[in-house]
Amino acid sequence: MGASQKNQELIGGLILFSAALLAIVVNNSPLASYYAMLETINVKLGIENLVIDKNLMHWINDGLMAIYFLYIGLEIKREIIVGTLSKPSNIITPAIAAFAGLAMPSLIYLSINHDIKVINGWAIPSATDIAFTLAILALLGTRVPAKLKLLVITIAIFDDIAAIAIIAIFYTKSLSLLSLSLGTLFILAMIICNRIFKINRSSVYVVLGFFAWFCTIKSGVHATLAGFTTALCIPFRENDKDSPANFMEDSLHPWIIYFILPVFAFANAGISFSGISFSILFEPITLGIIWGLFVGKQLGIFSILAVFKKLKWFKLGESFSNLQLYGISLLCGIGFTMSLFIGVLAFNDTHLLNAIKIGVVVGSVLSGFFGYIVLRFIVTNPS
């Protein structure tokens with residue numbers, strides 16, 4: 001990660017944090033009625049009977065986040081072909097750690113929440129926000145070795161893959177087979193353009209990907225799946241920045257960190273304190289998310305990394321201290337963007353959404369704060 005990219009990640013993280021803070025301020029000020037317009041102003045896209053009519057909040061969550069998942073897909077594809085994920089020996093331990101970091105928070109959430117009305121939120125504390133995590137790593141600078149940062153990114157990538165699968169399997173509320181079939185045809189068209197006709201024009205995949213996204217929304221499957229699937233169909237060539245996948249990943253990166261994620265944070269992080277009391281912190285759904293993110297994530301990930309290192313199954317881990325591994329395990333508990341996103345998919349009740357937002361913010365802040373403290377002040381030999 002070069003110096004300019006480190007600065008981008010740091011600035012992007014600060015903008016993301018500022019957007020979330022601004023949302024809370026605006027939603028608890030005289031401007032709250034304008035903030036509410038995110039859910040009352042509708043925008044239509046399409047012609048005649050082929051129309052998608054959604055409010056601004058849905059366009060942000062279904063549209064902008066689909067672009068974000070397109071970017072994630074491009075990043076994962078590059079890592080699989082030429083990056084860390086291209087070597088099986090590099091991915092086994094991070095993959096198992098990521099799974100443990102998904103399972104443990106979910107189990108903690110379910111152990112606290114027994115009411116059938118809130119069980120659907122089990123996946124909320126299982127996510128990791130790579131944007132915030134990279135911002136803190138950039139802030140730590142040389143205190144975190146490059147290989148340790150790579151380990152965090154690899155775990156986060158598997159976390160993203162799991163999140164995509166969870167959204168597709170557990171948060172699809174209705175299904176139109178006709179629309180899904182049409183979307184699949186556009187995906188197949190991209191594969192044919194790539195593998196058979198060797199088409200390298202990015203615009204072709206953008207157009208076909210748009211139609212796949214449109215059909216996916218109409219099908220009832222969440223649109224983020226179309227973004228991720230489209231990324232896997234786009235041609236990638238090693239050492240060629242002009243290949244469609246490289247070009248699109250580089251082009252999207254600043255838009256993701258400076259615009260899409262901050263807009264998502266502003267739209268979804270607006271906790272309204274009107275009519276709620278301090279006791280909301282102690283409601284089962286809030287506690288389940290806080291403990292899931294802050295305790296479950298670090299417990300699941302660190303236990304795997306430490307045990308595998310002890311058994312000498314994790315060669316890369318031998319160059320790190322247990323404190324370093326514990327510090328990055330804490331950082332993986334920053335669930336912010338992805339946790340909020342899953343929360344919005346799981347519930348639409350205003351009170352529950354406020355509890356979710358508070359739980360996500362508190363759990364993420366605790367994880368980020370203590371992760372920073374461990375890596376910055378407690379780890380004595382960062383090299």
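Glycine too: its Cβ is placed from the backbone N, Cα and C atoms.
Tertiary proximity for the transmembrane segment (10-30) is limited to same-chain residues at least six positions away from its ends with a CB under 8 Å from its CB atoms, namely 131-132, 134-136, 138-139, 256-258, 261-263, 265-274, 336-337, 361. Annotated transmembrane segment per Swiss-Prot: 10-30 (among others), in sequence order, evidence recorded as sequence analysis.
For the transmembrane segment (56-76), same-chain residues at least 6 beyond its ends with a Cβ under 8 Å from one of its own Cβ atoms are 37-39, 41-43, 85, 157, 160-161, 164, 209, 213, 217, 222-232, 234, 245, 248-249, 252-253, 255-256, 260-261, 263-264, 267-268, 341, 344. Among the features that Swiss-Prot reports, transmembrane segment is placed at 56-76 (among others), with the record citing sequence analysis.
Sequence annotations record features per position, and here Swiss-Prot assigns transmembrane segment to 91-111 (among others) based on sequence analysis. Outside the transmembrane segment (91-111), and at least 6 residues removed from its termini, the chain residues within Cβ reach (under 8 Å) are 84-85, 119, 121-126, 128, 151, 154-156, 158-159, 162, 288-289, 291-293, 295-297, 299-301, 303-305, 308, 313-314, 316-317, 329, 332.
Look at Swiss-Prot and you will find 121-141 (among others) tagged as transmembrane segment.
Same-chain residues lying 6+ beyond the ends of the transmembrane segment (150-170) with a Cβ under 8 Å from its Cβ atoms: 69, 72, 75-76, 79, 84-85, 90-91, 94-95, 97-99, 101-102, 123, 126-128, 130, 133-134, 137, 221-222, 224-225, 228, 301, 316, 320, 328, 331-332, 338, 342, 345. Positions annotated as transmembrane segment by Swiss-Prot, on the basis of sequence analysis: 150-170 (among others).
According to Swiss-Prot, the feature transmembrane segment maps to 174-194 (among others), an assignment based on sequence analysis.
The transmembrane segment annotation in Swiss-Prot covers 206-226 (among others), and the record cites sequence analysis as its basis.
Cβ atoms under 8 Å from those of the transmembrane segment (254-274) belong to residues 8-9, 11-12, 15-16, 18-20, 22-24, 26-28, 32, 35, 38, 56-57, 60-61, 64-65, 67-68, 71, 131, 336-337, 340-341, 344, 350, 354, 357-358, 361 of the same chain, restricted to positions at least 6 beyond its ends. The annotation transmembrane segment is assigned in Swiss-Prot to 254-274 (among others) on the grounds of sequence analysis.
Summarising the annotation, Swiss-Prot assigns transmembrane segment to 289-308 (among others) and lists sequence analysis as the type of evidence.
If you look up Swiss-Prot, you'll see 327-347 (among others) marked as transmembrane segment. For the transmembrane segment (327-347), the residues of the chain that approach it from at least six positions outside its boundaries are 16, 20, 61, 65, 101, 118, 120-121, 123-129, 131-133, 136-137, 144, 148, 151-152, 155-156, 159-160, 163, 166-167, 171, 222, 261, 264-265, 268-269, 289, 293-294, 296-298, 301-302, 305, 353, 356-357, 360-361, 363-364, 366-368, 370-372, 374-375, 378-379, judged by C-beta separation under 8 angstroms.
Sequence-remote contacts of a segment are chain residues at least 6 beyond its ends whose Cβ falls under 8 Å from one of its Cβ atoms, and for the transmembrane segment (355-375) they are 20, 121, 124-125, 129, 132-133, 136, 139-140, 143-144, 268-271, 280-281, 283, 285-294, 297-298, 323-324, 326-336, 339-340, 343, 346-347, 382. Look at Swiss-Prot and you will find 355-375 (among others) tagged as transmembrane segment.
Of the candidate ranges 174-194, 206-226, 289-308, 289-308 has the most C-beta pairs within less than 8 angstroms of the transmembrane segment (121-141). Counting residues 6+ beyond its ends, the transmembrane segment (289-308) has Cβ neighbours under 8 Å at 93, 96-98, 100-109, 112, 121, 124-126, 128, 155, 314, 317, 322, 325-326, 328-330, 332-335, 339, 356, 359-360, 362-364, 366-367, 370 in the same chain. Through the fold, the transmembrane segment (206-226) approaches residues 45-46, 50, 52, 62-63, 65-66, 68-70, 164, 167-168, 171-180, 182-183, 186-187, 189-190, 193, 233, 345 of its own chain, all at least 6 residues removed from its boundaries and within a Cβ separation under 8 Å. Tertiary proximity for the transmembrane segment (174-194) is limited to same-chain residues at least six positions away from its ends with a CB under 8 Å from its CB atoms, namely 204-205, 208-209, 211-216, 218-221, 226, 229-230, 233-235.
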